[in-house]
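Below is one structure, written out as structure tokens, with a few remarks after it.
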Amino acid sequence: MAEKEERLRRTMMFVPGNNPAMVKDAGIYGADSIMFDLEDAVSMAEKDAARVLVYEALKTQDYGNAELVVRINGLDTPYYANDVKAMVKAGIDVIRLPKVESAEMIQQLEKDVAAAETEFGLPVGTTHLMAAIESAKGVLNAPAIAAASNRMIGVALSAEDYTTDMKTHRYPDGAELEFARNMVLHAARAAGIAAFDTVFTNMADPDGFYRETRHIHQLGFDGKSLVNPRQIPMVNSVYEPTKDEVVKAQKVIAAIEEARIKGSGVISMNGQMVDRPVVLRAQRVMQLAKVSNLLDEEGNYIEK
């Protein structure tokens with residue numbers, strides 16, 4: 001099994017797999033993860049052409065340090081098998097399966113991916129997986145889905161299908177999603193993988209987008225699925241740590257280094273022991289500070 005890289009996944013940008021210009025330019029916007037969509041964004045008449053387009057792009061385009069994800073068509077579609085084979089052969093980082101309702105669906109995908117890896121001479125375990133949860137059944141089975149495979153890197157809530165299944169619709173305050181968000185988030189945390197919030201489609205309401213992003217950040221989501229590159233800096237600004245958070249994290253990191261030099265297994269700061277959750281939180285704050293360009297070459301916070 002390939003190691004699951006610890007990385008930031010604040011933004012996962014949807015890219016329609018049938019749009020050559022968007023596929024080509026997807027790497028210029030700075031998304032942490034780029035997700036090429038072969039499912040809902042592509043009509044049935046264009047499924048094969050979109051698959052070829054994304055395959056060729058993955059083989060020829062440079063997307064920098066972005067994590068490359070593809071949303072394939074569902075297990076129950078005639079496009080699924082060819083999607084899996086083509087994307088594994090192309091070397092995709094992560095395959096996102098839509099409409100997941102059970103652990104068995106992820107386990108079937110895992111078997112099919114392993115077969116494709118073997119067929120194309122790739123080490124078994126190279127390709128990671130994630131699940132999109134889009135129904136009441138999927139939400140209730142989220143813990144089993146999140147833990148279904150060691151290949152899993154994340155679970156994502158997809159609100160449009162979910163709210164339809166619940167016989168409701170999207171509201172500005174998002175109250176209809178609270179249970180689903182918390183189920184998906186707790187399932188991800190229990191399994192040790194990432195949790196992604198659903199897209200916000202109303203580009204005419206940036207204030208609403210900010211409110212929703214702040215809310216899901218407060219809940220603990222790793223990031224958000226996006227439909228427009230203009231949303232990327234908006235999400236990043238919400239996830240950006242404050243000066244006080246950075247300074248506190250630096251003190252924790254300094255205490256860790258001091259304990260290492262002394263050969264001590266106990267980390268203390270201001271006479272108090274620093275436990276593991278505090279250390280992990282400090283490390284994540286510093287990771288965010290670095291990618292947000294908040295530190296100078298000496299590691300000092302840059303005032304804005």
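Heads up, the Cβ atoms here are built off N, Cα and C, so glycines get one too.
Under the heading substrate binding site, TrEMBL lists Arg71, Glu134. Look at TrEMBL and you will find Glu134, Asp161 tagged as Mg(2+) binding site. Per TrEMBL, the feature domain 'HpcH/HpaI aldolase/citrate lyase' maps to 10-229.
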Query - Sparsest-packed among the binding-site residues, when each Cβ's other Cβ atoms within 10 Å are tallied, from Glu134, Asp161 - result: Asp161
**Report entry** Around the Cβ of Arg71 (substrate binding site), the count of other Cβ atoms that are within 10 Å
**Finding:** 29
Report task. Report, in whole Å, the straight Cα-to-Cα distance of Asp161 (Mg(2+) binding site) from Arg71 (substrate binding site). Result -> 15
